[in-house]
Amino acid sequence: MHKSINIKNISDDKINLLDLNRKEIEIFLLSLGAKKFVTDQLMKWIYNRHCNNFNLMSNLKKDIRKKLNERSYIFASNFIEEKISYDGTVKWITSIDKQKIETIYIPEKKRATLCVSSQIGCSLKCKFCATGQQGFNRNLKVSEIISQIWQANKILKEKKNNSTITNIVFMGMGEPLLNLNNVISAIKIILDKNGFGLSKRRITLSTSGIVPALNKLIKKIDVSLAISLHAPNDFIRNSIMPINMKYNIKSFLNSVSKYLKHSHANRGGVTVEYVMLRGINDLNEHAEELGNILKKIPSKINLIPWNFFKNANFICSSKNRINIFANILRKKGFNTTIRKNRGQDIGAACGQLTGDIVNRIKN
């Protein structure tokens with residue numbers, strides 16, 4: 001294991017290399033007088049060997065190591081707390097600006113998924129989601145997104161029998177498309193063969209429907225897409241997801257269709273996320289309506305039993321009602337699954353992430 005550098009007293013004008021994707025690292029290194037191939041060497045040290053001490057990077061020239069020390073540093077925010085569920089799910093908590101964000105690790109037999117946060121809090125105020133009730137502080141930097149993966153990988157290699165992360169989902173705290181540039185840069189690092197080296201189909205970005213940003217994403221990057229729909233019509237969606245009053249279902253799904261036409265990662269269809277709320281969006285007629293609005297969009301529907309959080313005014317649909325709802329959709333030809341609750345006992349399940357946020361949004 002490599003000895004870590006002391007990051008105290010680092011000047012603000014130094015660059016955290018975890019904020020830079022490949023192209024940006026290459027430009028930075030060229031400015032230091034390094035050759036282009038040094039980009040690969042440096043990224044391997046950072047992401048494959050988890051080394052944040054330039055002095056230990058033995059295949060870099062001494063003068064380049066000196067310049068790197070003078071102009072930059074490598075710092076991944078530490079996890080300050082770990083909670084482990086009876087089902088093996090792990091919640092890691094990171095302190096940023098004296099606030100807390102949450103990262104979830106979900107191990108399964110054939111895969112291991114890391115759910116990362118993209119913002120400190122969330123501004124969308126979806127009524128069924130704990131994160132939305134906490135308010136919003138700021139976007140995470142690229143390094144703060146990447147730190148979650150960097151630290152998780154490090155822990156898994158050291159403590160969990162050399163386990164690896166096979167999938168990364170942007171389904172933690174925040175709306176990824178409201179932090180578009182930083183999320184795209186982070187995804188580039190995740191995709192890079194000398195970064196985390198995941199394929200585009202193993203990275204999932206979930207959005208509640210920020211239509212202009214989704215339209216921009218079409219030209220920027222191709223990853224698996226999940227849409228937080230949660231209602232079959234605008235009337236219901238307006239009542240539980242205020243963002244729908246700005247970007248309604250029709251405009252959202254039109255944007256999704258455009259993305260799918262340009263995507264190789266979504267050949268199997270977009271994942272439609274639908275939280276099950278008793279008496280609100282779970283009736284047979286809602287299933288029929290959902291099938292109708294999705295009939296022209298290749299999709300897989302994931303029904304999510306609602307997870308309780310304090311002061312919420314919802315009740316989860318019964319198992320029987322969820323099964324009936326799922327079967328209606330299956331008869332209409334949709335690949336429909338029911339999400340298994342993971343990490344519910346440690347507040348790590350879908351919609352339960354709260355962190356500790358200083359809200360900067362005025363009501």
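Cβ coordinates come from backbone N, Cα and C, glycine included.
The feature active site, proton acceptor is assigned by Swiss-Prot to E102, with sequence analysis given as support. According to Swiss-Prot, the feature domain 'Radical SAM core' maps to 108-349, an assignment based on sequence analysis. Taken from Swiss-Prot, the feature disulfide bond applies to C115-C350, supported by sequence analysis. The [4Fe-4S] cluster binding site feature in Swiss-Prot is assigned to C122, C126, C129. Residues or ranges marked as S-adenosyl-L-methionine binding site by Swiss-Prot: G174, E175, S206, S228, L229, H230, N307. Among the features that Swiss-Prot reports, active site, S-methylcysteine intermediate is placed at C350, with the record citing sequence analysis.
Structure with Swiss-Prot features highlighted.
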{"residue": "E102", "record": "active site, proton acceptor", "Cβ within 10 Å": "26"}
{"residue": "C115", "record": "disulfide bond", "Cβ within 10 Å": "26"}
{"residue": "C122", "record": "[4Fe-4S] cluster binding site", "Cβ within 10 Å": "28"}
{"residue": "C126", "record": "[4Fe-4S] cluster binding site", "Cβ within 10 Å": "22"}
{"residue": "C129", "record": "[4Fe-4S] cluster binding site", "Cβ within 10 Å": "27"}
{"residue": "G174", "record": "S-adenosyl-L-methionine binding site", "Cβ within 10 Å": "30"}
{"residue": "S228", "record": "S-adenosyl-L-methionine binding site", "Cβ within 10 Å": "24"}
{"residue": "L229", "record": "S-adenosyl-L-methionine binding site", "Cβ within 10 Å": "27"}
{"residue": "H230", "record": "S-adenosyl-L-methionine binding site", "Cβ within 10 Å": "25"}
{"residue": "N307", "record": "S-adenosyl-L-methionine binding site", "Cβ within 10 Å": "22"}
- line: binding-site residues considered: E175, S206; fewest surrounding Cβ atoms within 10 Å belongs to S206
Task: Take the domain 'Radical SAM core' (108-349) and average the pLDDT across it for me.
output: 94
- prompt: Expressed to the nearest Å, what is the distance separating C126 ([4Fe-4S] cluster binding site) and H230 (S-adenosyl-L-methionine binding site) at their Cα atoms?
  reply: 10
Statement: N307 (S-adenosyl-L-methionine binding site) falls, by three-state DSSP, under coil
- line: S206 (S-adenosyl-L-methionine binding site) -> DSSP, reduced to three states, gives strand
Query: S-adenosyl-L-methionine site residues G174, E175, S206, S228, L229, H230, N307: biggest Cα-Cα distance, Å?
result: 19
Field: E102 (active site, proton acceptor): nearby recorded positions from C115, E175, S206, Cα cut-off 10 Å
entry: C115
Statement: Students should find that the Cα atoms of N307 (S-adenosyl-L-methionine binding site) and C129 ([4Fe-4S] cluster binding site) sit apart, in Å rounded to an integer, by 9
- prompt: Distance between S228 (S-adenosyl-L-methionine binding site) and C129 ([4Fe-4S] cluster binding site) at the Cα atoms, whole Å?
  reply: 11
Assigned conformation of C115 (disulfide bond) - DSSP reduced to three states: strand
Task: Work through the recorded positions one by one (C115, C122, C129) and name whichever has its CA nearest to the CA of S206 (S-adenosyl-L-methionine binding site).
output: C115
Spatial neighbours of E175 (S-adenosyl-L-methionine binding site) among the recorded positions C115, C122, C129 [C-alpha, 10 Å]: C122
